[in-house]
Amino acid sequence: MSTEDLRIVWIYPDLLSTYGDRGNMLILAARAQARGIPVETIEVRSDQRLPEGADLYLIGGGEDGPQALAAQRLNADGGLHRAVAQGSVVFAVCAGYQLLGTSFFAKGAQFPGLNLLDLHSDRGPSRAVGELHGVIDPRLGLPPLSGFENHGGRTHLGPGVSPLAQVTTGIGNDGTSEGAWRGNLLGTYSHGPALSRNPALADLLLRWATGAGYLPPLDDSWAERLRQERQLAVQP
Ligand code: GLN
């Protein structure tokens, strides 16, 4: 593993940070540092240029207006597209996930997305609010997703992406599948922040970003208790 700093960029906390999204950055940094990996975290506001050479980019959730503005600015900046072309990892949540696709709806209008994932979002019949659980794509080797969702959009996947999970509780993309991934890009409707309930997902992102085949386990009993509590809460 490289001894260089792991560079984590949090994209536009001034626009997309409605659901405790800072927590995902803090969790990733803490879990890397616990394995002796030095970390640099960089918060990039929407009036700043996006640095291109980072290892991992985070995009959080947000309301419709800030989401549309973020998509416009990220398309104009182009830095995230260049970073993805260079192999950087992207973890995107809810509004951030929707805007990675080809288009999304916000405030009743359709907006172009970043066209980084083969998916598009429209509006659902009702807002999806509540627990979101699912069985994650076995190729990712993760335990079930445990999360919370709050979104009006529905997301439709094209053949160029795989669903992150099959829904067991909640709505996710469309009531059947949840989230999407391709290569080093992964999006989910789970927030709150997502990685507090899914430490194995945090470690997957860290392995992608560092190239480490293995990360020593950490004490995740706190997260396990939370996962069990939420699982019991959704059982009929
Ligand atoms: N504005 C989007 C929607 O409602 C995303 C919401 C969110 O990030 N929670 O679908």
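Cβ atoms here come from the backbone N, Cα and C positions, even for glycine.
Annotated features in TrEMBL:
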{"type": "DOMAIN", "residues": "7-198", "note": "domain 'CobB/CobQ-like glutamine amidotransferase'"}
{"type": "ACT_SITE", "residues": "C94", "note": "active site, nucleophile"}
{"type": "BINDING", "residues": "R127", "note": "substrate binding site"}
{"type": "ACT_SITE", "residues": "H191", "note": "active site"}
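Shown here: features listed in TrEMBL, placed on the structure.
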| residue | record | Cβ within 10 Å |
| --- | --- | --- |
| C94 | active site, nucleophile | 28 |
| R127 | substrate binding site | 13 |
| H191 | active site | 27 |
Give the distance between the Cα atoms of the residue listed as 'active site, nucleophile' and H191 (active site), rounded to the nearest whole Å.
7
Local confidence of the domain 'CobB/CobQ-like glutamine amidotransferase' (7-198) - pLDDT mean:
97
Fill in the CA-CA distance, R127 (substrate binding site) to the residue listed as 'active site', as an integer in Å.
15
